[in-house]
């Protein structure tokens, strides 16, 4: 008894201190074994970024030793005023927006089809996922040589076969990559990213409660109405996730641009990663490259946030209607 | 001997996170150092470009050089662009990982100015078997510093020439002159265009890049009287001569050039001519070896060769060499120099000829190569024209006016890689029909003026 009385008093007397400290000690005891991992993570992920921030304030061309010096924010000024970089930003936005939106729409369609039961569904699903598993460089090479090549590519080959079928001697020789460079890159990327969107949306569709759909059917809702008012709002989170992840990855596209078009013709398909690559490995201007890299990171965050908000508000309207 | 081949994998990560990679450069500064785990004997690290001649030396070193000297050689072989990235960073950051690296005629003067390279004349002079006097003069010029000393030893050299399908010319009754003018070439291209179903008149590089489209185009600019810069660093990219040359080049490719020209580089053109898709090709003399190989070429033995076409100058071939250089950071200068002297020597050429075949000899650097009866036989169709093209190339005065730097198809300043890449991007767009030559060159002029500011 006597021992019990002072204890609550003491607790009441120092409410924020005693248990807090004990808890902190306890917490740290639990955290301690994780600390090395945490420190390691910080070192390998955050320190390079800090280094990048520092380098972005330097005037540093490695081909001109002895001229490295602090230059403040002038590299950023260059990034924002340089015409080529502005084009690159624009191209990055066009590329990312079109790839993400087209692959999202296609992915949604495929997911809806795959959500139904049909014989051979497992096989169809595996085949549809395959493009996403191909290495980006390999995929880009495949598109450049096997499909777009004007001499021996599949597209012109098919065209020629069709022409011959109707009696012509030879079809047209279309140089796909030079004539429509941006669409060529977009199509190759859509091919890679549609399965990703499809997978996420398929997971969403299969998580849809069956009783709600059944209730809608019993109430006499049409398939279109069920999709629009029940399935689509349910998929919202999944679409958001797909757009977010897709945007983050597609903004960084390098392989397709490097392999298929080399940023050309001119700088029509030069996106930021490729422009940064040129700055780093042709111009050897490390400061400019670092500054552009920082801008890409910030840009990715902005684009992703923006995309997310647009979609969120679209759905709010949809629900309130 | 270990050969570490590094492929394209990982390029995307590196390039996309280029900025982050810059951070890791700081780590590289601490100096990784070469592994010298040879069993008693010394070992050196050699970084080289992945061309066939280099693959050959990687195969031959162990049983010859290492056997004789006890020096172990660790080769790292990389594709050209990756090699430039790696060797530039290694040397610029003084990481000192490599004792020998292959670099080209473009790098030597720039790196020499940066004091990154060991002079090699003293080593070459001491070695009587090496016979420095036998090296071709343009090679020595390209690889010397302004103090007259050698800063790299040539492994093989090349110029440029016109190659054509003799059968097609014979069918059309056309004789290609031994020293054609560009106008003659354009006329022939028009005549042979469509000589066979789908066959185009000529292949000229259209792929952006200072070492791709930039190389043949600059030789055309030179012979049409143009230049990138005047002697006192006035940019000339939109001058009348430069424009005339570029318009000529772009028109010729658009009218009678290969299909997919804006994406066609050396490899694509090599395929186009050897597979019968084009009738002519203007490019590197070193392409002849591949064109004459029946395994890969449908027209082996049927290829005609002519000198680089000209307009105002007497000759117009470019000049390139892959050469061995020793970074100043090396701690094994003696072993490294022994390797370089062996690899660039006469005996090595004979070794390749005897072991691997005479057409694979790393030629184009020594006068004596062309006197070997075995080589003369193997290269009867193109050996003579290659040698004369190299001898005629004048890296100090390749056009009609004096130049600010040494170099035929490039301007030897660090900024040129970037300038050349960007300007050829615009010209490549003109070949694709997406912009006009005038607009492309006006943009190029602005970039060139920017570059010139540093030097005026």
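Glycine is no exception: its Cβ is also placed from the backbone N, Cα and C atoms.
Automatic, uncurated: that is what TrEMBL annotation is.
Model, not experiment: these values are computed from the prediction.
Of the listed segments A:1-22, A:23-44, TrEMBL assigns region 'Disordered' to A:1-22.
Between the stretches A:181-205, A:206-230, A:231-255, TrEMBL puts its transmembrane segment entry on A:181-205. Counting only same-chain residues 6+ beyond the ends of the transmembrane segment (A:289-312), those with a CB under 8 A from a CB of the stretch are 49, 52-53, 55-56, 58, 75-76, 78-80, 85, 89, 92-93, 96, 100, 236, 239-240, 243-244, 247-248, 251-252, 272-273, 275-276, 279-280, 283. Beyond the ends of the transmembrane segment (A:32-55), by six or more residues, the same chain brings 286-287, 290, 293-294, 297 to within a C-beta distance below 8 angstroms of the stretch.
Proximity of distant same-chain residues to the transmembrane segment (A:88-114), defined by a Cβ-Cβ separation under 8 Å and at least 6 residues beyond the stretch ends, is recorded for 121, 124-125, 128, 182, 185-186, 189-190, 193-202, 204-205, 227, 235, 239, 242-243, 246-247, 250-251, 253, 267-275, 296, 299, 303, 307.
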